[in-house]
Amino acid sequence: MADNIYVVGHKSPDTDSVTSAITYANLKNQLGMKDVVPAAAGEINNETKYVLEYFKIAPPVVLNDATDKKVILVDHNEVGQAVDNIMKADILEIIDHHKIGDIQTGKPIFFHNEPVGATGTIIASMYELNGVAISKEMAGLMMAAILSDTVLFKSPTCTDKDKATVEKLSKICGEDPQKFGMEMLKAKSDIKSKTAKDILFGDFKKFDFSGVKAGVGQIEVMDLADLAPKREEILAEMRKALESEKLDMIVLMLTDVIKEASDLLFVGTAAAKEGFEKAFGGKVTNNSIYKEKVLSRKKQVIPPLESAFKK
């Protein structure tokens with residue numbers, strides 16, 4: 001319907017992005033706004049499919065073009081990460097936990113941004129604030145969002161509020177967070193059927209570092225050895241994407257969630273390489289720099305890159 005209000009997350013949707021759209025649309029519905037519907041800005045990943053199937057929730061509609069649509073943005077606030085033609089949409093609200101980006105609106109809107117580990121944490125608190133009871137299914141989705149985005153609380157983005165929220169939500173949905181989180185990780189780590197392109201673009205975001213156009217992707221696995229056979233294919237795909245996406249550099253975080261480390265694959269211009277090496281205090285060897293204790297793109301990869309390229 002033309003009058004629908006779409007709650008939508010970022011492109012290359014992850015579990016927090018998709019479940020936040022569903023749970024926030026549900027909250028709006030409970031508050032009497034029946035024209036609010038959840039949407040996804042692309043195909044959902046294996047982990048999210050697992051979560052939705054587990055809690056018997058239908059996947060949201062896919063929204064590819066925001067022209068003339070009424071939208072509420074969740075889990076992002078940057079044009080490069082949003083549905084196409086987002087600046088031709090009527091943006092009504094933004095709920096997010098990332099740095100303030102470049103999306104602009106023609107009027108004041110409700111903008112809720114908090115330094116927590118997941119948008120799901122914010123939305124759970126909004127149910128409470130509005131006195132709306134959380135169903136077992138919605139509790140499960142929000143718990144999954146937090147576990148996914150904080151990598152089972154291991155990420156430096158994780159806060160006490162995230163942990164306390166999961167504790168509350170787990171009681172409502174009746175699931176053990178650690179057990180459920182490990183099942184989610186298994187679903188996310190299953191890369192057998194994934195192509196190099198799937199791996200690169202499965203969780204891919206674009207950034208502008210003082211004029212340096214960059215793409216930063218991430219794939220989380222339980223063992224980096226699983227990715228070794230596809231490494232050259234992935235690098236070839238990254239080089240191809242440099243041209244097709246008109247970027248100066250691409251970084252792909254190959255993250256081992258068990259060892260809590262990331263192999264940062266790099267392709268890009270000589271100037272971008274210099275900035276990348278400066279950001280991570282090392283030399284690129286075989287197209288990568290390996291970093292212990294690096295799990296979070298938001299907190300451990302983007303800030304050093306921004307700083308390195310700052311003019």
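A Cβ is built for glycine as well, from the same backbone N, Cα and C atoms used for every other residue.
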Same Mn(2+) 1 site per Swiss-Prot - residue from Asp65, Asp68, Asp75, Asp84 joining His10, Asp14: Asp75
Residue in Asp16, Asp198, Asp203 which Swiss-Prot records at the Mn(2+) 2 site where Asp75, His97, Asp149 also bind: Asp16
Lowest local Cβ density among Asp14, Asp16, which the record lists as binding-site residues, within 10 Å: Asp14
Mn(2+) 1 site, defined by His10, Asp14, Asp75: further same-chain residues with Cβ within 8 Å of the Cβ centre: Gly9, Ser12, Pro13, Asp16, Ser17, Val18, Ser20, Val74, His76, Gln81, Thr119
Listed in sequence order, residues with CB under 8 A of His10 (Mn(2+) 1 binding site) and six or more positions away: Ser17, Ala41, Asp75, His76, Gln81, Ala82, Lys205
Residue with minimal Cβ packing [other Cβ atoms within 10 Å] among the binding-site residues Asp75, Asp149: Asp149
Cβ within 8 Å of the mean position of the Cβ atoms of Asp16, Asp75, His97, Asp149: remaining residues of the chain near Mn(2+) 2: Asp14, Ser17, Ser20, Asp96, His98, Gly117, Ala118, Thr119, Gly120, Ala145
